[in-house]
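See structure below.
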Ligand code: ADP
Ligand code: ASP
Ligand code: MG
């Protein structure tokens, strides 16, 4: 029988009632003739609670134990979903990541899926089981330790299962009815897109649109998995939601497809480092080793052989970054006067494949921000995106005015 992957995010399984509602959706697809792999998240708020426990217990925690703790939320929902389906007379059972096993790298808290053996689940389908409920977000490393895939990782579990099982489609059920031109919580003018290109979705996700985890989009693109984002609350039709698909499958699109933002940024400046060959390697090598995800980088012009180096990283990695830099300074690898952390910044980005063939998009973005009196601290660009770092208090204003200026509420 054809296989379908259905993923339910935290809000879609937040209560027993919602689990029942989700299970009914699964029942519809079973009746449609699919063997279904259901990927579940933890009940909404659970993962945050678990992360909080870990942070409070050990601020610079051992990531292996972080994974042992934070992966557990998904186990509860997997069991409850299987029980709910059984109550509806749908033959179902649950799997935790290690039981499949979902084999991952050992990069704890941010592991990548390497392999998903299909035999186990396929054999159960052959025996008449109709639904395999799999705990999302978690896997098993070569060292036999539980791993997690980074926040939002259940999306990636879902797409990886869809690829491994050659599923007809991967449906991501969430609390919005599709991918919008920007987060609908920030402007009511946000417009739902019927389709969005993989490349654009990849950029939006990596720049902060958490509707899909970046890695899930990467996998869908690589393995050509038809990926759909839709609401677990609305009645569904075949045309519901947003299809994430190849660029060629989209007839018309705006030059700017969407605006993304991320609140969780910090700007770090190393004051007065020696401007010499190898200085960037000496700074960013230790940061990488410490697991700091550096995003934007600017090096100032130098004066008398010394310069300032600014970079941005996720706000929850500031301590790690400080520690890594202090260590490098103590060992004599680098020398700096001071390390200043600005934790009141946000990143706002515009994304669109139309930018490849249209000049002036970045200039227009800067003019819009100027007109709103928003100061830009750092800029980065690529072929299909422009990102700026600004004061966090202007983030919503920037998103709304860019959304207006690029007329995203109107379809092309
Ligand atoms: P789930 O728990 O189902 O995985 P998430 O909270 O991870 O759900 O992702 C859904 C949320 O993503 C929405 O509630 C919305 O606020 C946010 N979001 C951010 N950017 C977008 C966007 N461009 N389109 C739709 N939703 C977005
Ligand atoms: N529960 C995990 C998280 O909140 C994984 C997920 O929901 O995708 O990040
Ligand atoms: Mg999510």
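The backbone N, Cα and C atoms fix where each Cβ goes, glycine too.
TrEMBL annotations: computationally assigned, not manually curated.
Per TrEMBL, the features are as follows:
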BINDING   7, 8, 9, 10, 174, 175, 180, 185, 210, 211  ATP binding site
BINDING   47, 74  substrate binding site
DOMAIN    268-344  domain 'ACT'
DOMAIN    350-412  domain 'ACT'
Cα-Cα distance linking residue 47 (substrate binding site) and residue 210 (ATP binding site), given in Å to the nearest integer
15
For the domain 'ACT' (268-344), would you mind checking the mean pLDDT of the predicted model?
95
For residue 9 (ATP binding site) and residue 74 (substrate binding site), what Cα-Cα distance in Å is obtained after rounding to a whole number?
10
May I ask you to report the DSSP-based helix, strand or coil state of residue 47 (substrate binding site)?
helix
Using a Cβ cut-off under 8 Å and a sequence separation of 6 or more, which residues in the same chain sit near residue 174 (ATP binding site)?
9, 11, 12, 211, 229, 230, 231, 232
In whole Å, note down how far the CA of residue 180 (ATP binding site) lies from the CA of residue 47 (substrate binding site).
25
Give the subset of the binding-site residues 7, 47, 174, 180, 210 lying near ligand 2, defined as CB under 6 A from any of its atoms.
47
For the binding-site residues 7, 9, 174, 180, 210, which sit with their CB under 6 angstroms from an atom of ligand 1?
9, 174, 180, 210
Spatial separation of residue 7 (ATP binding site) from residue 74 (substrate binding site) - C-alpha basis, Å
12
For a Cβ distance below 6 Å to any atom of ligand 3, name the binding-site residues from 7, 9, 74 that qualify, or say none.
9
Identify, among the binding-site residues 7, 210, the residue whose Cβ has the fewest other Cβ atoms within 10 Å in this structure.
210
Counting Cβ atoms within 10 Å of each candidate's own Cβ, which of the binding-site residues 9, 47, 74, 180 comes out highest?
74
Residue counts (helix, strand, coil, in that order) that DSSP gives for the domain 'ACT' (350-412)
29 helix, 14 strand, 20 coil
Secondary structure at residue 210 (ATP binding site) (DSSP, helix/strand/coil)?
coil
